[in-house]
Each structure stands twice: as structure tokens, then as C-alpha cells.
Amino acid sequence: MEGTCFLRGQPLTTIPSLPSRKGFLLQRWKTNRIVRFSGFKNHSVSGKSRSFDLSLRASGPIRASSVVTEASPTNLNSKEEDLVFVAGATGKVGSRTVRELLKLGFRVRAGVRSAQRAGSLVQSVKEMKLQNTDEGTQPVEKLEIVECDLEKKDSIQPALGNASVIICCIGASEKEISDITGPYRIDYLATKNLVDAATSAKVNNFILVTSLGTNKFGFPAAILNLFWGVLCWKRKAEEALIESGLNYAIVRPGGMERPTDAYKETHNLTLALDDTLFGGQVSNLQVAELLACMAKNPQLSFSKIVEVVAETTAPLTPIEKLLEKIPSKRPYVPPPKASVATKEVKPVPTKPVTQEPTAPKEDEAPPKEKNVKPRPLSPYASYEDLKPPTSPIPNSTTSVSPAKSKEVDATQVPVEANVVPVPDSTSNVPVVEVKQVEEKKERPLSPYARYENLKPPSSPSPTASSTRKSDSLSPGPTDSDTDKSSTVAKTVTETAVATSVTETSVATSVPETAVATSVTETAAPATSKMRPLSPYAIYADLKPPTSPTPASTGPKEAASVEDNSELPGGNNDVLKTVDGNLNTIPPSTPEAVPVVSSAIDTSLASGDNTAQPKPRPLSPYTMYADMKPPTSPLPSPVTNH
């Protein structure tokens, strides 16, 4: 029943009385005038009540619409967990939310203003095909259409029924932009009336759909405030829900005008914290799926404010996991109904009967637990046939034998003690293990003391290595070592001197032997104090490299020079190469040269033994008989004719 009329001029003060109407009431608020008619004579219908709302606008028509609500008794103490009330069920988001709830197995009470406008919703539900449905049940059977006007507080309570969850999807229509009171009446006042009714009905969960940018100013979401401050009124509705004390969940979706249902095939859903997003798009179907998931999992959506958009770069993630990442404003508190039901089920008469015969068993249980505490950590103590890996046991060696015998005994003790798997024997095992730990302190650090066949790496030891051993092992040399080293030094020096004596002359043999004996006598105390630097004194078979011994450089060298030179005075040439002077000197006697060379040879021989060749000649020509110094051609003497 609808009627329209126009009002012009001054504000309305009186309306002619109608014969068939009683209780005429006129209310005025700002520029909007609401005329309410209540009570009819002889038009009452059992179980139904009719009311007419007449909205008066300054420059628009007056519409009178009748809303029929079926009154149903409600029990505040009992709520049906599978029953959900959806406000705004004929809208874009509400109709899809109803279908998603039916897919999850919920029973839905769809709140609409007019049952005639719910025909498309009922037809879409009939075309649904549920995957998991009981035999003989259809989705339409779980749907209830309830006519209710949220601007009237009296009609909301009967429409809720025993619903445990309320989903509010209402909002001012974008088509009625000229209605400046739309955001206030629908987005705030109607939502607040629904919150108050839900509080009095003590519902378990309330889910509210608002928009991005309701709390914090941000572009481009703030542009919506040009539509008569719609974001401000939505924020007022959120505050009313938060202050009510209900278990709430607030969903702030992005733009839903352009995206279609196929939008989810290319764009995945993303959730963000409150006051973080100010732009983005999401489809109505994706928002409906989120609302249905929140109704099914109240512990995941408890006291959360979620902002929803869809992006192509976002990964495909289940909604449950996305909700887990959003923190809750307060800790989750389960509904009291579940706790009462569990308390009634727990006391069963059969439980105390089963506990009486088990009472003596509980007395026997404590000693078993005490025996389990000293359980050995080694698995070899639990099995008789299982032996620990053993290494080859060496024979007794010097001072390490007592420690090895202790360790061998310690490894054999747990095997004998665990022959019978009795809990008493296991208690003795830890005592043996403690002894092993204490005895390990006496273990030698060297592995060569453990195994007989294992020898340390050794270098080849020489035959006469007394001096080397005395230096490395003993603190100082002994008398026997000094005697051996002195004899070796004597043999070396005597052989060197003998070769030089045979080649020079018999006259020089006496001083050479004297020099050799003096060298050996002086070298003997040196070997007792310091280690010889030459390796040839250590090994008997090792000989030093020998160079060809030159012949005596006495009269032979002088004779050869005179014979080869064309002019007399060949000795002058030899002395010239040695001294570097061209002056002639008288020739020396042939006996003086061998004496000098023998002195040089003896000094060289003594220098080889003492490693101090002080009188060694600078010229190499005196050492070798066949080696001659270079000679320059001498000019012939000039004769005066």
C-alpha cells in the first residue's frame, strides 16, 4: 500500500483528520517530516501488525509504505549456533552473503524491507546446487525471509529470532544522492538500532560492513564524504558497536562498484590492519566469502577491524590464514553457552565406578615411576646380546697398565650386571658409570702407550749418534760421548794432514803432526760444551766432499815459469801477479818456497778442523799445480845499436 502527495509552501502544521485512522502522530526533524499512523479499526490481522511510515520532504513526494513483520517469540537464553540473521539481504553484498552462508550449511534469516523485493533472492537460492546436502533438503528450505524496518526499534527484536550471529550489510543507496539524510538514517541510525537490539538479544557475534577511510582521513577514500558525510556516519556506527560490548568484527572493503564476480579470478584477496588502506577495489563476491568465513570461525574474527582489497600481485591464500595475521583488539572469550553445556555433560555416573577398582593400581604405580627415574642413558645396559664396540686391548706397558686394567674392568661390569632385565639391576648401572668417569682422569695422553703394535714414528738412527742423543734426551754430554767425539775428530784431522804431508816434503811432516795434535787437543773441550756444526762428525760412513789435492807449489812452479818465459826473470812475472808490482826482485831459493807452502797447508788443515781459515791465501793459483795465472806478452828488451 503506497501513496504519494506533494507539499509546498510553509511547513505543515495541520493535516485533515481521516475517518478511518486513529492515533495520528506528526514528528518533525530538521527538513524531514515523518508522519506515522498506528492502529486501525476492524483491520487487525492475527499475529501481524501493520504500520505506515510517511516521509515528507520539502521538495519531493510523500511515500507511504507498509512493512509487515512476523512476530516470533524469542528466548534470550537459547541461541541456535547455525542460525544467522543478515540485514540488507537484497543488496549486492547481502544477497551474495546469504548464498555463501547456505553453502557452508547455515540457516539464514534474511531481513528485508519488502517481501516482494526478495523474489530475486529466492530465485537465485533455488538455482543453487550444494555439494554437501542432506537427502531431501534444499537450500531454499534453510532460508527465511523476514520483513523488518531497521528504523523502527520495535520491529527488529522479533525479526532476529534465536539467531546467534548478525551480519549487517546495509548502506545508503547511491541512486538517491538528493537524500541528504540517507547516510544518517541508514548508515548510522538504522545500524545503531540493530546493535541495540542485538545487545538486548545477547547474540554471540556481530559483523558490520562499513568502508575504507572511516576513521582516518586519506585520499581517495575521503572523497566519499562528499556524499553527505557518509564516512563520518559509518564511523559513528562502528563506535556504537565497539561500545556495546558485543563480540564484533568490522569489515572495511574498498570500491565495489566496478568489479564483477569474475574479478576474483585475476585478483586475490588481501587483508590489512585498520587505518592503513585508503584506496583499492574488491568484488562483492569476495567480501561475501569473507563474511561467511568470519561467521564460521568466530575465534579468528573476534574483535578485529579488517580492511579488504584485491590485488593481482597478492598470493592466493586461504581466508583463515589471512585472518590469523590480523591482531585482535582484545583476547577471545568463548560464548558462555558452550561452557554450560560442557559442564552438564561431564558428570557421568559411570566414571566414578571405573575409578574405584583402579585405586589400588594407582598405589602400585608410584614405585614403578621411581624405578624409571634412574634409567641408564646407554642402550647397551638394556639389551643382553648388545655389546658396546671394543677396541683392541693392548698388553701391559710400563706405568700405563694400572689405568688400562681399571678401564677394562669398568667396561665389563655393566654387561654382567644387566644379564637379567630387572629394575634393581638398572639402578646399579649408574654407579658403575660414575666410576668410569672418575678413572678416565688417569688415562695417558699418548696413544702409543695403549697399543703394543703401535709405534711412534722414528727417524733412522746413525751408528755413532751418542752426541746427538745426549743433546736431545740427556741434559749434558757424558765422558764416553766426549771420548768418542774426540777420536772421530782426530781421525779426520790426521787423514787430512797425512795427504798434505806426502805431497809436500818430509821436512814438514813433523810440524804438521804437531799442529794436528794441538788441534785435536783444543777441539776436545769444545765438543764437550757445544754440539759440532758439521754432520760428518756424527756418521762414520758419511764422508765430506773432497776436491782434487794440488801438488806442492815450490820449485816446480818456479822452474816451469822460467822455462816457459822467453826472457829471464820469470819469477818476477809470478810475483807480479801475486803482489801487483812490476819491480824485479832477486830470485828466491828453492827451499824457501816449500816452507811457505807447507806453513800455508798446515794452517789450512788446522783451519778445516777448527772452522777458522785465517791465513788462507787470496790467490787460487797457489793451490793447484796445473792452473796458471794469465800472463801478458812481455816486450822484448830494446837494444841500442
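One is the number of the first residue shown, and numbering goes on along the chain from there.
Glycine too: its Cβ is placed from the backbone N, Cα and C atoms.
Taken straight from Swiss-Prot:
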BINDING   84-113  NADP(+) binding site
COMPBIAS  393-402  compositional bias 'Low complexity'
COMPBIAS  485-528  compositional bias 'Low complexity'
COMPBIAS  599-612  compositional bias 'Polar residues'
REPEAT    376-397  repeat '1'
REPEAT    444-465  repeat '2'
REPEAT    532-553  repeat '3'
REPEAT    617-638  repeat '4'
TRANSIT   1-63  transit peptide
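When the stretches 376-397, 444-465, 532-553 are ranked by Cβ pairs under 8 Å to the repeat '4' (617-638), first place goes to 532-553. All protein chains considered, the CB of L104 (NADP(+) binding site) has 15 other CB atoms within 10 Å. Within the same chain, residues at least six positions away from R96 (NADP(+) binding site) with a Cβ under 8 Å of its Cβ are N284, L285, V287, A288.
Assigned with DSSP, the residues of the repeat '2' (444-465) fall into helix, strand and coil as follows: 3 helix, 0 strand, 19 coil. Look at R96 (NADP(+) binding site): DSSP puts it in a helix. Of the listed binding-site residues, namely V84, V112, the sparsest Cβ surroundings within 10 Å are found at V112. In the three-state DSSP scheme, G88 (NADP(+) binding site) is classed as coil.
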